[in-house]
Ligand code: CAA
Ligand code: NAD
């Protein structure tokens, strides 16, 4: 494969999972975060994720050691200048992503593909911040990355065919199935999934059933692997709120308004698993 080094911006839930998936596939990874504690958690989390696979005899101890050795971390964006492919996976915020992408373009090699893992923001709008928008693409992984088989590949109107082809190649190399999607808020999966989770929060807010009953309802009655409120906690309530706000403002349709209880939870700092408390306590 032509992609030897992947740079990742943001070492939260998603950046960490993407780093694990790439390193396990034999690709060198360099992860950048502004928070050194997040970088430390990234390595610890990849290490425990790989140890789990070794315990289940799905990975050898040698492969685990090699994958861990393939991941470097940094707080300095210039350290990503040797990457063939850079994936932005920082906090879901348009202004932040625009700023990061300009910083990335300033240090990236001319041939480097620049991708975003955004859950909802317009790929076309983000591409427009770059001097070379043709090399920009949406590469949307799903959480938890080591387990979820899908990647959505979203083309901005500026994205070239060559950029899409390389992104498809990377998705295949890390063992994912990709679907091609046209640019629109939330693409395909989140357009369907996030309003369902938001509706579950309205149902809770209206007192129609307890959290446990809502989650049991969707597990037992719709065969979902986990209930929508547990899924909100897995995704991160701040991320879910950001996605619903993009839908609400971009579609200009009140059906996408975020549930007030979701806003209230985020205001309280109850962000889900990552903060130790969301709808459930962890
Ligand atoms: N790393 C590696 N492996 C993991 C893992 C992780 N972080 N989490 C779970 N696994 C593995 C387990 O080792 C286990 O493997 P085996 O089947 O080989 O034993 C398997 O996944 C199942 O895990 P568990 O038995 O521990 O727990 P579970 O059965 O409850 O499954 C789950 C966990 C896979 C997360 C499952 O609950 C699930 O599929 N939930 C729904 C996830 C989902 O919908 N994700 C999409 C979120 S939306 C999104 O990502 C887009 C966005 O932009 C917001
Ligand atoms: P997170 O809150 O777990 O992590 C975000 C990380 O970005 C943090 O570690 C933060 O320190 C870092 N960061 C902030 N500013 C930065 C900067 N300037 N440079 C480098 N790092 C910076 O978020 P997450 O859940 O990993 O989500 C990351 C992206 O992936 C978002 O765009 C989100 O919408 C998307 N996404 C999330 C999920 C999910 O289920 N959580 C799934 C698919 C896509």
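From the backbone N, Cα and C atoms, a Cβ is placed for every residue, glycine too.
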Of the residues 48, 119, 122, 249, only one is listed by TrEMBL in the NAD(+) site with 10, 11, 12, 13, 14, 15, 33, 92, 97, 143, 274. Which is it?
119
Where the criterion is a Cβ under 6 Å from an atom of ligand 1, which of the binding-site residues 12, 33, 97, 143 meet it?
143
Identify, among the recorded positions 97, 140, the residue whose Cβ has the fewest other Cβ atoms within 10 Å in this structure.
97
When DSSP states are grouped into helix, strand and coil, how many residues of the domain '3-hydroxyacyl-CoA dehydrogenase C-terminal' (186-282) land in each?
66 helix, 3 strand, 28 coil
